[in-house]
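Working notes, structure below.
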């Protein structure tokens, strides 16, 4: 009867909003160690999703002494109990995807084809997008004396095609194969082969996510790529990536409502790094910067570029928190600071001696800010063997508590090394 129907609707609205997704996001300029946090959570997740970016991301995960490198695949793909989902907001370079799968198969990845789902609404990166990306960088260098420092993976040009409505999506590949040959053969010589290889993995992503959220209880994890300060809207524009890598990108990149977003974990290093160019207020172009670079092995996973290094910047973390609403934070690579005599933390920006109460949008303004620092004595102790809070030296605990209080978000994990066991869980 209509009455039953009504009561079901009322009930549903009241208690069953569905499973919540847990989100892991970079809180700085990328390379914070998100892969490790995701890996930790993926071991107990049923679904792990990517919602934006492409194979410009690089996550390294170490399992049983084996190092896996992921660029497009969600890092949950290692876990046999877990479905990996590539959402509509991701841009997919098919040769890159299959090359990555083949590489990881050689390292022992098995059964991935039973666990990988790809949204039919995701846009495709073609080789010509990559060519354009390289050419545009050369052109920027020539005209403006500086490029953006893209990974030249064709990500920006693909999102540009998407916005100008000239893009091609996975669903277009799934149509009549003879049409495919005619339409696409000039874009990619192996296109028919890729279409057939990918066909069994393709699903309607909106229905897939809806079922995951409204079906039986499931742990769903979303793995952010890039980071807050590389966000197309909120980052240090124009030295940013071409998608939203803040929490809003999760809703649009998977097709889920905000009500289904649960915990949002921000990942930050215990210091700051940046790859490519653009403003970097706490950068240390001195012995400290060099020490962080060498001790932290700060070289890009995707590009092999040396990363620029500096002190932890809490203005940035506060700004990332305002946008993302972190429910907890993971602070990684604390052990890199073990040898320092004193450690500084940026707590405010000043212009002409006056505090700036916000993170400046304008890059010229950002280039000019002076950073106000809080200085802490170093702990000068090896923390890499610490496995719980009480194992950390008091001065390191003090540093962590300061960061926590300043941002007003609890720190849930502290990372002191490369492997899974090196993530100290605080609560």
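We count from 1, first residue shown onward.
Yeah, the Cβs are placed from backbone N, Cα and C, and that goes for glycine too.
The GTP binding site annotation in TrEMBL covers 30-36, 58-60, 307, 333-335, 415-417.
Annotated active site, proton acceptor per TrEMBL: 31, in sequence order.
Summarising the annotation, TrEMBL assigns Mg(2+) binding site to 31, 58.
Using a 10 Å Cβ-Cβ cutoff, residue 31 (active site, proton acceptor) registers 28 neighbours. Summarising the annotation, TrEMBL assigns IMP binding site to 31, 32, 33, 34, 56, 57, 58, 59, 151, 165, 226, 241, 305.
Residue 59 (active site, proton donor) is surrounded by 22 other CB atoms, counting those within 10 A of its CB over all protein chains shown. Positions annotated as active site, proton donor by TrEMBL: 59.
Taken from TrEMBL, the feature active site applies to 162. Counting every protein chain shown, 19 other Cβ atoms lie within 10 Å of the Cβ of residue 162 (active site).
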Around the Cβ of residue 60 (GTP binding site), other Cβ atoms found within 10 Å total 16
For the C-alpha pair, I'd like the distance in angstrom between residue 31 (active site, proton acceptor) and residue 305 (IMP binding site), rounded off.
12
Going by Cα-Cα distance, pick out whichever of the binding-site residues 36, 58, 60, 416 is nearest to residue 162 (active site).
58
Other CB atoms, at most 10 A from the CB of residue 416 (GTP binding site):
25
